[in-house]
Amino acid sequence: MIREIFNSIMGEGKYIGRRFIFVRFAGCPLNCVYCDEESKGYFNRVEKIPGSGEFETLQKMEIEDIINAIDKLKTPDLFAVSFTGGEPLLYHKQIKEIAEILKDKGYRTFLESNGMFPERIFYFDIASIDIKLKEHFEYIKDEDYEKLYKNELKTIKKLYNLNSDIYAKVVIMEETNIEDVKIIAKDLSDIGNITLCIQPVTPHGNIKSPSQRKLFEIMEACGEYLKDNVMLTIQMHKYLGML
């Protein structure tokens, strides 16, 4: 279930630059072309000292062990505890129990999800939903993509109605169609006052990031519906060599 728990800087999205404890869960039903998480072969790693990047492997990782690990990694500047992945909502029952304990202890809770499981959503203080585009997959049927996209919007709407601080993120590639992102912006504006983070893909192999001009054009197109609720973020942690 748990791949690793560590303390680092949020490297992307609306809260980029804030200090977080990340609880990373293994497994995801999607297979995005730019993702390397599922290639990692380790489990139950816990950082020894906050920000050190040095880990120990635990024999077991029950809920009590997870809470203890979070408490040990807490720093005075901590902003929130992030449930990330993979896709954390594969383990929604366990996460709900962990989140309730953390709330009682005064932590903020943060969800990072692809939004494919709207029926598993419950309240988080903050949530980031990663909206997928067709080019994020080597191949996906039109009907499967439409189902995924509708579920992402349902998830966002549910979190918005729960009064979570919800924002959306979309990874932009060289081949991304501006009109596709503009549709996302319109659909978000129909839900409510939601920030959209435009994130150029981190290039590797055959995957290329978009031009500066395309990024400006996408932001302007989204601004027609979202006004100034559009922002550009990069994977800062990768540029800084952080976890």
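One is the number of the first residue shown, and numbering goes on along the chain from there.
Just so you know, glycine gets a Cβ as well, placed from its N, Cα and C.
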Site-mate of Ile9, Met10, Gly11, Thr84 for substrate in Swiss-Prot, selected among Arg3, Arg24: Arg24
Minimum Cα separation from Cys28 ([4Fe-4S] cluster binding site), reported as the residue among binding-site residues Ile9, Met10, Gly11, Gly86 that achieves it: Gly86
Residue, out of the binding-site residues Gly11, Gly86, whose Cβ gathers the largest set of other Cβ atoms within 10 Å: Gly86
